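Copied over from Swiss-Prot, here are the features:
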- THR185: FMN phosphoryl threonine (MOD_RES)
- 36-56: transmembrane segment (TRANSMEM)
- 68-88: transmembrane segment (TRANSMEM)
- 89-109: transmembrane segment (TRANSMEM)
- 120-140: transmembrane segment (TRANSMEM)
- 212-232: transmembrane segment (TRANSMEM)
- 239-259: transmembrane segment (TRANSMEM)
- 265-285: transmembrane segment (TRANSMEM)
- 291-311: transmembrane segment (TRANSMEM)
- 315-335: transmembrane segment (TRANSMEM)
Amino acid sequence: MAFKLASSPHLKVQLQTQSVMRRVTLCALPGVAAQFYFFGWGVLVQVMLAITIALLSEAAVLKLRKRPIISTLSDNSAVLTALLIGVSIPSIAPWWVVVVGTIFAIVIVKHLYGGLGQNIFNPAMAAYVMLLISFPVQMTSWSVPLSLAQTPMDLSLTLNAIFGAMTPEKLSIYKYGIDGIAMATPLDTVKTDLSLGLTITESLSKTIFSDGFGVGWFWVNVAYLVGGLAMLKLKVIRWQISVGILAALFVCSSFGYLLSPDTHIGPLFQLFSGATMLAVFFIATDPVTAATSVRGRLLFGGLIGVLVYVIRTYGGYPDAFAFAILLANLCAPFIDYYIKPRSYGHRAGS
């Protein structure tokens, strides 16, 4: 048997940025496909529009900065950022929402700080928060899951809705489910019902919760979980941040549910609602804006999990992940400063 010989140093080859971004994007596709299946063509339209704007914006900035355009665009980082923005906003949001958000993410959050590897905030989440604060109506107008829609939207109707060829009166028809109730995310629905004095049990009796978690959202989270596990298998991401988030969110929500089940949703609902699995595996694990040491990553993830629970339970934004991740991004340098990896040659007890 012939063996391949190589001279020292025998170093493990790290994945290049292009390969990492491509693998993350491919692993996110099951989640995107699930969103498309349950919520229609708008998901794909928003993603494709975001990718187009991201590439054009990055090319324009690179030209102004006199940096190589083709080689930089080929690292796929702009595509991944655009994908995350596209799946995070309502599928029938006006076209200019995703355009403004994508330009903000690429030009301001990414390149204003020096480009890839220099940004202190996650670009996709910074853009999402900016859009949510600036355009709350458009960012909370979610479409009805196709299985609950009074009038499902095909591709033509979706394009008309996104690009402004549909009157607000006609568009409102597609925002109502078969029970006549305007749709929101399951977390939004629970939050609103609790503010009206309903119990969790009463809220979960609505049509949107016919599968126990929120029609469509459970399987979307399962799809992103599958993609996340694939990334762990491929060693694209480290496990500490994801485990830290899930553990902290599970523990906090379990205590809340045990203390007051009428006003606190259970841990499984927390884990499989909203953008939980998308954020846990595809957003919070961004190595540029996260802590770097093993213990630091666990603390970073735990901080996000606690913040998500607190904001979801007591704050005004039910999903909470975008705010939690940005706050954790602020804390990452502090975590790295005080929690450093052990250096080689360290003697136990010294």
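Every residue gets a Cβ built from N, Cα and C, even glycine.
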So are the transmembrane segment (68-88) and the transmembrane segment (265-285) touching or not, going by 3+ C-beta pairs under 8 A with a sequence gap of 6 or more? yes
Under 8 Å Cβ-Cβ from the transmembrane segment (212-232), and at least six residues away from its ends along the same chain, one finds 23-24, 27-31, 33-35, 38-39, 145, 147-148, 185-187, 189, 204, 239, 242, 268-269, 271-274, 276-278, 280-282, 285
Should the transmembrane segment (315-335) and the transmembrane segment (36-56) be scored as in contact, given a threshold of at least 3 Cβ pairs under 8 Å and pairs 6 or more apart? no
By Cβ distance under 8 Å, which residues at least 6 away from the ends of the transmembrane segment (239-259) in the same chain are close to it? 228, 232, 265-267, 269-271, 276, 279-281, 284-285, 290-291, 294, 297-306, 308-310, 313
